[in-house]
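Pasting a structure here, questions to come.
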There are 2 protein chains.
Amino acid sequence: MIIGIIGGGQLARMMALAGIPLGMRFIFLDPAEDACASALGEHLCGEYDDRELLNYMAEKADVVTYEFENVPASAIEYLNDKVGVAPSAEALATARDRLNEKNLFRELGIPTVPFATVDSFGDLQLAVEEIGLPAILKTRVFGYDGKGQVLLRDEADLQQAWDKLKAIPLILEGFASFQREISIVSVRGHDGEIRFYPLSENVHRDGILNTSESLPDDPKQSVAEEYARRTLERLDYVGVLAIEFFDMGKGLIVNEMAPRVHNSGHWTIEGALTSQFENHIRAVAKLPLGSTDADGYARMINFIGEIPEIHDLLSNETLHLHHYDKKPKPGRKVGHATYWSTTKIEHDST
Amino acid sequence: MIIGIIGGGQLARMMALAGIPLGMRFIFLDPAEDACASALGEHLCGEYDDRELLNYMAEKADVVTYEFENVPASAIEYLNDKVGVAPSAEALATARDRLNEKNLFRELGIPTVPFATVDSFGDLQLAVEEIGLPAILKTRVFGYDGKGQVLLRDEADLQQAWDKLKAIPLILEGFASFQREISIVSVRGHDGEIRFYPLSENVHRDGILNTSESLPDDPKQSVAEEYARRTLERLDYVGVLAIEFFDMGKGLIVNEMAPRVHNSGHWTIEGALTSQFENHIRAVAKLPLGSTDADGYARMINFIGEIPEIHDLLSNETLHLHHYDKKPKPGRKVGHATYWSTTKIEHDST
């Protein structure tokens, strides 16, 4: 079976590393000449909406998936008419726009921060009146790793934030004073079977995920699973879905979802019987899902900008290296390491 | 770092799958157009002694290793003059010839079956007088998966066996009535550090390995480690070395060694903290070795000829599939599965 992936970055790379042992072959579409997944399959180097390349992929691949949500919707719809795409165009359209996403969560009874659309400076002033400050002004689409958002602390911040972001449809979101950030990585098969991984606790630094740690037997597992189940079923979802939450102590508030494998699930490579990457490929390929049971404790740390000295890293016996073979660049995710142990890992081990 | 591998079969494929997450890239030399490792790197399609391709590999690769011992020695020596090769040409020359191998074991005080070289029918008659029957007549080189050997039960078998095998230098080996076949997979780093995996118990069918099962805490672990250590140190070995033994109850008799990753170590992908494939790459790349600690119980079964129905396989929650993406063919290893569990696996689970 040949699987097409829109995007050829580290998520595509790790999907291929998981899919090749199942006998899969891969084709990637990515405009970057040095796309790091290209070591693992055929690399179509071009824009995501290049019709010729999309036609080629549709002809060769048995099914297409994607590694990020900022794929042009038209490309997915075009591919879907020619070859199956999973997760569906609807799931992608929902997840790629913060407004659609929040409206869906509201419809499903999943608590969100207060939010309002902002299409003009007047909208922004009204929204601030309604929601209060602090609040976060975000682009509805194309945001990632803290990009496309500005924190508003007081009225004086409004004009500058508006000037910075006004080019794109915006959303104002209330600021949640959370106890911790957690996420649930779930997977739904083409036959509707759903499985959940244990929760991850996530720590961001400068807007970029820094560490994720598995949370076996966390008291918030069941409510997170319930929210994820509603979302998966409402979207008739196929593949891995990650949902990020703010844990407010009493309950969870949803932050956002990603219709794809997710950085907070990287620890499942070592920490679970079947990784999120393999389960995504199994779902997309209409194969039975693998066990999401997690044994022991896992803690993932992202390498941002550059990989530390490899001899030092590999001298640590509990560390598993995932080098993305990407050019070093400030703010770029270039690799990660997972510390895995049968016993709980002390935080100073990183 | 770029690693060249002589051979592009499943062992090269699994070395690449283990090395890519360390940031390695791969070049394979294999005459088969559909070499199954080619999905994971650059495939030089040509004979193993093709000087032009060897020159290309030597120029691009930082180090070269191999996936099987029937590489022409001249190719390894040629490469070694231009770029490092590990394991060394000496290790390869020893392991590829049953006579050299047995002489080394004898020198190191490691018990072998009785053996004698056979270069003529007269030699064969003398060797049978000395060793007795039953005995096994084997080609000294190029044997694998039970190929190149004939069991001699009585005098009447001699002429037919001689006629079948006489083209190549031969060795007659005494027949060992063993209790079980076991192997030890070991690895030695470029700095001399040595690590051992738990023993494997191996069951062959029609001369081909059928199943391997990890043997945590086996009473024969320490003697096998001692024999492996002598061999590794004597050869100043770098990389993974597998040694197969007959367990005679009272002690071990060495059968043969393989200067490479080995089928009986495939279970280490799931069953050990660092797989044999990753540790071989680490050793060859002069990186620190990873932990060979094995958690739980692993049982590997080879798929010979063809892969069973994939939906059925993946419905088994304790099964991990390794599909080699090779054309089905009787007697060909086309994949394997590993059953892994924290508790001992009952044999009927396969």
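Here the Cβ of each residue, glycine as well, is placed from N, Cα and C on the backbone.
Feature table excerpt (TrEMBL):
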{"type": "BINDING", "residues": "B:R98, B:K138, B:G143, B:Y144, B:D145, B:G146, B:K147, B:G148, B:Q149, B:E181, B:H204, B:N255, B:E256", "note": "ATP binding site"}
{"type": "DOMAIN", "residues": "B:102-285", "note": "domain 'ATP-grasp'"}
Please list residues from the chain of B:H204 (ATP binding site) whose Cβ is under 8 angstroms from its Cβ, counting only those at least six apart in sequence.
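In sequence order, B:G146, B:E181, B:N210 meet the Cβ cut-off.
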Give the three-state DSSP assignment (helix, strand or coil) for B:G143 (ATP binding site).
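In the DSSP reduction, B:G143 (ATP binding site) maps to coil.
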What does DSSP say about B:R98 (ATP binding site): helix, strand or coil?
helix
What is the one among the binding-site residues B:R98, B:K147 whose Cβ has the most other Cβ atoms less than or equal to 10 Å away?
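For the binding-site residues B:R98, B:K147, the Cβ with the most other Cβ atoms within 10 Å is B:R98.
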Including all protein chains displayed, how many Cβ atoms other than that of B:G143 (ATP binding site) lie within 10 Å of its Cβ?
20
Around B:E256 (ATP binding site), how many other CB atoms lie within 10 A of its CB?
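The Cβ of B:E256 (ATP binding site) has 19 Cβ neighbours within 10 Å.
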